[in-house]
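Per TrEMBL, the features are:
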DOMAIN    43-127  domain 'Manganese/iron superoxide dismutase N-terminal'
BINDING   His67, His120, Asp204, His208  Mn(2+) binding site
DOMAIN    139-236  domain 'Manganese/iron superoxide dismutase C-terminal'
Amino acid sequence: MACQLLLTDFTLPLKSLKLSHSGRRLKGRSIGSQKASTTVAYYGLKTPPYNLDDLEPYMSKRALEVHWGVHHRDFVDNLNKQLGKSDILYGYTMDELVKATYNNGNPLPEFNNAAEVWNHDFFWESMQPGGGDRPNLGLLEQIENDFGSFANFRETFVEAALSLFGSGWVWLVLKRQEKRLAVVKTSNSINPIVWDDIPILNLDMWEHAYYLDYKNDKARYISTFMNHLVSWNAATIRMARAEAFVNLGEPKIPIA
Ligand SMILES: [Fe+2]
């Protein structure tokens, strides 16, 4: 249940549905003489926790209008269309849906859209106006423990982003079993919760994430993320929740 707690803020599906008394979804079925309506609407498009021009000049309003307003919206819409075809995946939280549709490495058709919705919700919250700099003390100490220094972590993260082939994501995760932080990169839509890692940060390395502002200069996009956009506040909160789950010993970060 760890991931559910970690991700509680953005995993609740929107259920603007007409339900039977038993709570099951109805699709044009009749109950006695009463025709039940076909139900629609599952997951909503979450709004970033800032205005679309708040990340300028490092990420432009235009880039967010396209990235969030078109690409992210398409993932949500396409997921909802897929889910509308069957009752089987009804009622899952987003992280349950991602894990279920990953299907132990044999992904179901819904996986890519579900994971991309999850990944983008998490990405918007991994940035903030006035971001960058360094983590807060407790998280900084954990990074120094697991990477040797903050500079080493940064170098590892940047190298992973630069060396990622094709489209994908770079993540700072807490490895649940090893109880240590690690940088991982994933191809296309894959989200490390499918391997039971607990995400702390992510960076979108799909071309649509950087092309409008940085053309093909991935290095400048990545360094700008690290210097001006990354939200160590969000990472600190996520780390505190993750620590509570994996029991790293004495918590370094007080949980509010
Ligand atoms: Fe994206």
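The backbone N, Cα and C atoms fix where each Cβ goes, glycine too.
Automated prediction, rather than curation, is the source of TrEMBL annotations.
In the three-state DSSP reading, His67 (Mn(2+) binding site) counts as helix.
In the three-state DSSP classification, His208 (Mn(2+) binding site) falls within a helix.
Residues in the domain 'Manganese/iron superoxide dismutase N-terminal' (43-127) partition by DSSP class (helix H, G, I; strand E, B; coil) as 49 helix, 1 strand, 35 coil. Surrounding the centroid of the Cβ atoms of His67, His120, Asp204, His208, where the record places Mn(2+), the chain contributes additional residues within 8 Å, namely Trp68, His71, His72, Phe123, Trp206, Ala209.
Across the domain 'Manganese/iron superoxide dismutase C-terminal' (139-236), DSSP assigns 52 helix, 24 strand, 22 coil. For the domain 'Manganese/iron superoxide dismutase N-terminal' (43-127), the model's average pLDDT works out to 96. Sparsest Cβ environment among the binding-site residues His67, His120, His208 (other Cβ atoms counted within 10 Å): His208. A sphere of 10 angstroms centred on the C-beta of Asp204 (Mn(2+) binding site) encloses 26 other C-beta atoms.
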